[in-house]
Amino acid sequence: MFNKKHLVLLASAGSITLAGMSTAQADTLEDTMERGAVQCGVSDGLPGFSAPDDDGNWQGIDVDVCRAVAAAVLGDSEAVNYISLNAVERFTALQSGEVDVLSRNTTWTTTRDTTLGLNFTGVTFYDGQGFMVPSDLGITSVDELDGASICIQSGTTTELNLADYFRANDMEFNPIVFDTSEQTVGGYQAGRCDVLTSDTSQLAALRIQLSDPSTSMILSDVISKEPLGPVVRQGDDTWFNIVKWSLFAMLNAEELGINSDNVDEMLESENPNIARLLGQDGNYGEGMNLEADWAYNIISQVGNYGQSFDRNVGMGSPLEIERGINKLWTEGGLQYAPPIR
Amino acid sequence: MIHNKDMIPEQPAPKGTIGPIGWLRGNLFNGPINSLFTLLGLYVLYLLLVPTIQWAFINADWIGDSREDCSRVGACWVFVNARFSQFIYGLYPSEEYWRANIVFAMFAGIIAWMVIPRLPFKRWMTVFALLGFPVAAYVLLHGGYFDLPRVPTHRWGGLMLTLLLASVGMIGALPIGIVLALGRRSNMPIVRTFCVIFIEFWRGVPLITILFMASVMLPLFLPSEINIDRLIRALIGLTLFQSAYMAEVIRGGLQAIPKGQDEAAAALGMTYWKRMGLIIMPQALKMMIPGIVNTFISLFKDTTLVMIIGLFDLLGIVQAALSDSRWLGFSIEGYVFAAFVFWIFCFSMSRYSQYLERKLNTGHKQ
């Protein structure tokens, strides 16, 4: 087995040396216009986030970020080249210019944001470590898990988070460690443990794989912060702004009640916020060298944030993840976008 | 004196010693211990086969287009069915499948032509296979010429990519391997040292490391304007890696040819290349068939490692399909399908090599 940790270090070291050079890199927007497609780095298959569907089209909440950028820049959400990357090579691919947007369920951390020559443009999904328990145990909160045996996948931060949380709360647990997610689910199903822990976005995908998903439930508590978001190279602020505001446009659209179905009616709306977002009052794309209808293109072709969430990971998808903290701020969640003004 | 004038007529062999019963008696039930083991073996076979057949055929679901069409009691071949074209062509645009089909047909045609002994013009076919076919395949698959829309390599995948990687690897590794093997046995110190270092370097590094170097480190060393396609990077890495192994297989064959052969050829006034091309190589390559095919089969299976650098070969595309949230939990079906396809290809290669050995057998076989 190769040592992933060393490769990451090595790759990171390489990226740091390259980070200095990247400022000299050409204009990403211009290159994208010339190419006619956004170079987008996605995962090599993660349920609900990025995976090819039966017809070979990439689908997922991470994929929608790239489609939104393509809609804003080129007016066509299909003008994207998807390049699948594994966890180790994702930052190198961004640094070397192989991809221009990295939208691959990447957790926003200090190290990544400050030492790799990268910029996180926002949060598409507030993830966190959660727990899946059999429904008939009657457990409703993490605090009732004292003394439980817990199935974990090895080599992930999940293991550390779990130990930290239980120690901090003076509780005991018995870890049962597996190598792959399939084995973890198998162990849970065979009754090797009472509880299964992983990031909540993964738990939903694991739950579907049980022979009878209705016998298990996912607790609403989370014990860690995993904000996932798109990443761009440092040193090209125009591009950074485009990716950042593409996501904000989707969030603002949901907040203002605009979706892909009613966006054409909304063009006539009297609401000044809506008129500004859809380019009917002033050109707010100008500062990013985009056309005035940049946000209109995003909403009509990709939809608003809520639609994307629902279609890919929410109730409209097999994963059926609750909006939870990913609700808009107006509904008690964390998703908050600065106004278009 | 008792005397029988008539010959006793020919009698059939005793019933118990011929036919299926005789075979059974002779091979499976010739003694109490063997009988016991036979029965035990049959029982184990029964235990294994019955659930497998039930899962794979009797309880399996074949028709439908979503997970709701599967009862989950047996195998859900609906999944493989729905994704079949993706497993074959990867993410290649479906309206361009005909281009891949032509390449597949040409590939199959060339192989059939080479394998069937009666067909003429073998030499020209070889030249076409080595020079014409790769160019034609590239033009067709990649496009950008003759009004064919361009299909970037990151959309190639599935069995198509697996076959592409394997055949480029094989076609590339054999000649490089021969040159390296000859170089390693050469009397010229610089050539020999270079070949030794090359072979030992590539043999000393795991393939996974080479692929990682090619995909993660290489882009960092190269200036940012130069962006070598990741498929090309993988192909170069794979070919060089396999050529080092091939070189050692061929060197083994060369060493088995008695020195007298070379000396006799030299005594006839043959040059080095004539000696190698007409005397040594034809004998050596024949002996090396099992070793070469072994390397080819392992190369064919090694191509699955490109999955870790984000290329969707057959196994990679199966795994990607497994992470579609509409098809979660069908990993066994996916992996069984991939294993079956790999088995077909590897087994055919192995059978062909056995046939070739028999055909080229000139009586040296012991």
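The backbone N, Cα and C atoms fix where each Cβ goes, glycine too.
Remember, predicted model here, so these are calculated numbers, not experimental data.
Copied over from TrEMBL:
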DOMAIN    B:159-353  domain 'ABC transmembrane type-1'
TRANSMEM  B:36-58  transmembrane segment
TRANSMEM  B:98-116  transmembrane segment
TRANSMEM  B:128-146  transmembrane segment
TRANSMEM  B:158-182  transmembrane segment
TRANSMEM  B:194-222  transmembrane segment
TRANSMEM  B:278-297  transmembrane segment
TRANSMEM  B:304-322  transmembrane segment
TRANSMEM  B:328-349  transmembrane segment
Does the transmembrane segment (B:194-222) reach the transmembrane segment (B:304-322), going by 3 or more CB pairs under 8 Å (6 or more apart in sequence)? yes
Excluding the flanking five residues on each side, which residues at least 6 beyond the ends of the transmembrane segment (B:36-58) place their CB within less than 8 Å of a CB in that stretch? 28-29, 74-75, 336
State the non-local partners of the transmembrane segment (B:304-322) in its own chain: residues 6+ outside its ends, Cβ under 8 Å from one of its Cβ atoms. 79, 83, 86-87, 90-91, 157-159, 161-162, 165, 207-208, 211-212, 214-215, 230-231, 234, 238, 328, 330-331, 334-335, 337-338, 341-342
Counting only residues 6+ away from its ends, which parts of the chain sit with a Cβ under 8 Å from the transmembrane segment (B:278-297)? 166, 170, 173-174, 178, 242, 245-246, 249-250, 252-254, 256-257, 261-262, 264-265, 270, 346, 349-350, 352-353, 356-357, 360, 362
